[in-house]
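**Q** Before I ask anything, here is the structure I am working with.
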């Protein structure tokens, strides 16, 4: 699980269409107009905008969970709003008046918007904010099928451009990969040259083919990372998945000039490596194998050993399970200094962390054959998994002097003991200095230290007691941005940009010099920044960031000067839309992603401060535009409800041809984890769309207290008592819907996956059948003592400090659960994230209290995403069919049933024989 980190990441919610849609366009197909360029790119990463992997919490939401330059429905502020209907000519005087009014309106709007962002507002909207209906198939349009949704037919195609820093400071270089090409598998292109070849260098082909031979071995590239000087490519082959983000494989060095390869470690070419990364100077690669670190310099075939005592319980340079899952959201705990002279890395000791056994009954993920006579026993994988209150891994930050070949540590006076410390971010500055972010185990005290590896000294320069500030917590993020000194551009000292708490919101701040604890505030007001900053233009002194706009379901892009002045939108903020963005290394160009509510599109643009005008379409999703003309989808109504004085965002999905005179069943869908967000303007055709569009039920989603972008007061109130306020918000909202004239209050259900599964059960428990009659919980937490320590203690503190909170948050009131008509519980047996222990212990409580109004489905060998052996299709088929039966009244609440004799028929006979 995780709070919103790097954005509200979809992967924290229930998985629906896990795989990205891979596609390859002609790499040379460009069609330019006078003002725009059409660009088709096959790039290294491809993202499915609807992909939803599975985890509790949102690591931001970069989730994430992507047409023309402008959609046909989209317009600029200058467009046709003041052109008279019928195309009549406007008289000159009228034009002057209209232009004057235009400038007054635009100026007034701009002033009002800046005041809004910087001063905020205290009165949230409580009425219907907007209604979206993206399909145009009409009353007789086709209905979507669940197979179409699960098969990805409604998933927007999206590209993730790999921006690449030029060896000589060039901006706007992109890394492209074409798996089908026999002459340009991997290459670097100057995106400006797509529009004006004379203004660009030619493309550089790094690898002609995807495969190459080394001796007798044929190497197939799975991933590839060019060196910063573009002379060598680090190639991964034989990739094998470990956990969510980690993997192992064989690594190779591929020479661009000769188009030949060699093993990264010539002395052990077949041994699997966990992680490898380039020196910023392109002259060395550091890697971890068998939890020890090594260094290969390109000038030699020799491999230097950095550490020697790594093993089962001791990790160097890579995170263990809980740090990978809950802190870094990645597979690396290694950081190169920008000059390549030093390497920082984590030493993780998990010898005290208890093991959790994961059994595999129908598969052997290890790939190893069982011993003779043990073929019929399940394979068991022991995972070091620290549950709440259990011993945590002990982490230390160490450094390696590349020139001296020496490992050392720097003592920094810390208020955190070894077993009470989390290291959540390491950021190199200049001149041998590194910023290190630490928190206590319960993640409510933040400490930032500066370490000088040249003098081997360090000190704490900033401390924040977040618990004392607002009762909240610190999310582990890695979005802090170093800003080097540049007197020519007005920056006398080094500094960094960080997200801070300011007036109850997450805002951007600039700290300079590095040891200055008092920042320059870059943003203020009602709206909150998201995973900021997104990009920094050092030459022009600009910071780009994403903000949840006038409404929490929006995302817009802005820039601001380093001194906090000249706030400017990069997107059209007059439209209620959802954008995200990635910037080139110099922030002169941006991949702008429009993600909804209309059909998503992508384009590369020049940023406003860049004088070189450029615009190129990357993706239009024409296939979705065509489909939408043939289908009838649900309409989405966005609004707010007020519960206990808190304004909460709600999205209601109404069936096609909605008739307010009818009575509709209602399904509530939720996730609800701390910092997460489910109500958004992103385009999505998912399971909820199927329920509303095809089954004809209303689907309601409310982001209750604890979720993201509704202010820290509403977010932090849940701390220490997960489930209580969140369930109340679901119930109170459901009561409001039950009172609506078009809702059948006798047919109301709720469902969720992961944290949403926990919330489903907690809501049913708290409601006791008074509002909801049915529920469906997939892979739920049922007792927070069973979940991992870093996530759980961030929001619940330790069980030793909050036993009462853990007791009340656990699903334990079986009498209340028995008061519902029926509920469904599903879980994968090999779930390494939310262990099946959660569901099994709940079943034991139900057995002890003779509760039987539920159904159970267990998926052998499936992890938290539930995919193994057709399980993903099965889980959604079961959800849909079970819901239909529930709303059809098939699930009867009958305890100790008796035979219905009226159903017996007397046997008919003929000649004494039964017929």
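Positions of Cβ are set from backbone N, Cα and C atoms, glycine also.
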**Q** Of the ranges 54-74, 75-95, 96-116, 117-137, which one does Swiss-Prot list as transmembrane segment?
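**A** So the range that Swiss-Prot calls transmembrane segment is 96-116.
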**Q** Tell me which residue from 48, 572 Swiss-Prot records as N-linked glycosylation site.
**A** 572
**Q** Across all chains shown, how many C-beta atoms besides its own are within 10 angstroms of the C-beta of residue 831 (active site, charge relay system)?
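**A** Step by step: centre on the Cβ of residue 831 (active site, charge relay system), count other Cβ atoms within 10 Å, giving 22.
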**Q** Can you check which residue among the glycosylation sites 349, 813 has the largest number of Cβ atoms within 10 Å of its own?
**A** 813
**Q** Spatially, and counting Cα to Cα, which of the recorded positions is closest to residue 754 (active site, charge relay system)? Options: 133, 572, 831, 864, 900.
**A** 864
**Q** Could you work out which of the recorded positions (133, 179, 572, 754, 900) has its C-beta surrounded by the smallest number of other C-beta atoms within 10 A?
**A** 900
**Q** Are any of 133, 179, 572, 813, 831, 900 (the recorded positions) within 10 Å of residue 864 (active site, charge relay system) when you go C-alpha to C-alpha, and if so which?
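**A** 831, listed in sequence order.
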**Q** With every protein chain in view, what's the tally of Cβ atoms within 10 Å of the Cβ of residue 864 (active site, charge relay system), excluding that atom itself?
**A** 24
**Q** Using C-alpha positions only, work out which of the glycosylation sites 133, 813, 900 is nearest to residue 179 (N-linked glycosylation site).
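**A** Answer for the nearest of the glycosylation sites: 133.
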**Q** Cα distance, residue 813 (N-linked glycosylation site) to residue 900 (N-linked glycosylation site), nearest Å?
**A** 32
**Q** Using C-alpha atoms only, work out the spacing between residue 349 (N-linked glycosylation site) and residue 831 (active site, charge relay system) and round it to an integer in Å.
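**A** The Cα atom of residue 349 (N-linked glycosylation site) is 24 Å away from the Cα atom of residue 831 (active site, charge relay system).
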